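As annotated by TrEMBL, domain 'Dihydrodipicolinate reductase N-terminal' applies to 3-124. The NAD(+) binding site annotation in TrEMBL covers GLY8, ALA9, ASN10, GLY11, ARG12, MET13, GLY97, VAL98, THR99, ALA121, PRO122, ASN123, MET124. Positions annotated as domain 'Dihydrodipicolinate reductase C-terminal' by TrEMBL: 127-263. The active site, proton donor/acceptor annotation in TrEMBL covers HIS154. Per TrEMBL, active site, proton donor is recorded for LYS158.
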Amino acid sequence: MTSIGIFGANGRMGRALVQVIKEQELSLAVATVRSGSSWLGQDAGELAGCGKLNLALTETSAAAVAEADVWIDFTMPEAMLEHLKLAVAAKKAIVIGVTGLSDAQYQQVQQASQHIPIVWAPNMSVGVNLMLHLVQTAAKVMGETADIEIIEAHHRYKKDAPSGTAMAIGTSIASSLNRDLAECAVYGREGITGEREHNTIGFATVRGGDIIGDHTALFADLGERLEITHKASSRTTFAQGAVRAALWLQNKQPSLYSMQQVLGLTKLD
Ligand SMILES: NC(=O)C1=CN([C@@H]2O[C@H](COP(=O)(O)OP(=O)(O)OC[C@H]3O[C@@H](n4cnc5c(N)ncnc54)[C@H](OP(=O)(O)O)[C@@H]3O)[C@@H](O)[C@H]2O)C=CC1
Ligand SMILES: O=C(O)C1=N[C@H](C(=O)O)C[C@H](O)C1
């Protein structure tokens, strides 16, 4: 059986991953937390609220990384890149769900994928990955005349904005309209902004409470508007996707794979 390692096992997604791995009766070999963490030595299952697993949380190290076949990382960009170096050195496959990467950080992920198999996806849910296709169809039919806005809402603790998913939705729409997102994106509006420039794609960010993750792509024309919305009601959906990706990665060649490939959605292209 494939053994799985989790970086950042004390985080919101780290705990959801421990729960899903237990529910699916998979093998969780290692669960790490940052050096000096107050969670060190605690049982990973007890921390995740799914009962004792007899697996103590350990520090991230080369020795720990050697102990699992495939790793999952939902930490933060800088930490993830350190973990990635360890995975490359140990030749271990890795699933990365971290968002908010700079272009330079994303390039480091691309470079690492020359040495090990990697899945990176800003959203591991089936629904959002389907949505990335649906918005392309909507853009092709309505995008030349409609105004396009992407609205996302997340919990108060989220550190990056717009969400990685919102950026992926924007990229999907822009590519199907032959636009460059870097040139046409508008991130928030304030003051006397003037009338809306037609070919722009707007982003609006909401942060509050315990919202898990809502995304809407709005195509607003004169006389009608289309809204395509996804709402996550539990982090389990992301964790299930990540675990599915981890199992899928076993025995794959070094490359950077997408969640579309994991889910077999590329046939919709
Ligand atoms: N792709 C997807 O489907 C999804 C992606 N995400 C993304 O996953 C990431 C994590 O989200 P979430 O679980 O809510 O975040 P949390 O803040 O709950 O967890 C972050 C984890 O990263 C660790 N960490 C942060 N900084 C460092 C560091 N410098 N060195 C070592 N460890 C570090 C934290 O440890 P400590 O507690 O000690 O700081 C914690 O374990 C975000 O980028 C988020 O956008 C989230 C959900 C779904
Ligand atoms: O930080 C989160 O929570 C989430 N982040 C991802 C993103 O930035 O798109 C995915 C999901 O919406 C939850």
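Heads up, the Cβ atoms here are built off N, Cα and C, so glycines get one too.
On a predicted model such as this, the values are computed, not experimentally measured, just so you know.
Between the binding-site residues ARG12, GLY97, GLY97 has the most other Cβ atoms inside 10 Å of its own Cβ, all protein chains included.
Each residue of the domain 'Dihydrodipicolinate reductase N-terminal' (3-124) gets a DSSP state, and the totals for helix, strand and coil are 45 helix, 28 strand, 49 coil. Taking the C-alpha positions, the distance from MET124 (NAD(+) binding site) to the residue listed as 'active site, proton donor/acceptor' comes to 16 Å.
Proximity to ligand 2 (Cβ under 6 Å from any of its atoms) holds for these recorded positions out of ASN10, ARG12, THR99, PRO122, LYS158: THR99, PRO122, LYS158. In this structure, the recorded positions that sit close to ligand 1, with a C-beta under 6 angstroms from any of its atoms, are GLY8, ASN10, chosen from GLY8, ASN10, HIS154. When the domain 'Dihydrodipicolinate reductase C-terminal' (127-263) is classified with DSSP, helix, strand and coil residues number 52 helix, 37 strand, 48 coil. Of the recorded residues, the residue listed as 'active site, proton donor/acceptor' and THR99 (NAD(+) binding site) place their C-alpha atoms 13 Å from one another. Straight-line distance linking the Cα atoms of PRO122 (NAD(+) binding site) and LYS158 (active site, proton donor), rounded to a whole number, equals 14 Å. Take the CB of HIS154 (active site, proton donor/acceptor) and look out to 10 A: across all protein chains shown you find 25 other CB atoms. The full span of the recorded NAD(+) binding residues, GLY8, ALA9, ASN10, GLY11, ARG12, MET13, GLY97, VAL98, THR99, ALA121, PRO122, ASN123, MET124, taken as their largest Cα to Cα distance, is 21 Å.
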